[in-house]
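Feature annotations, courtesy of Swiss-Prot:
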{"type": "MOD_RES", "residues": "9", "note": "arginine amide"}
């Protein structure tokens, strides 16, 4: 998943 949207997940 793109870090720019989710950060950390």
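Each Cβ is built from the backbone N, Cα and C atoms, and glycine gets one as well.
Neighbours of residue 9 (arginine amide), defined as other CB atoms within 10 A of its CB across all chains, total 6. Under DSSP, residue 9 (arginine amide) is assigned to coil, being neither helix nor strand in the three-state scheme.
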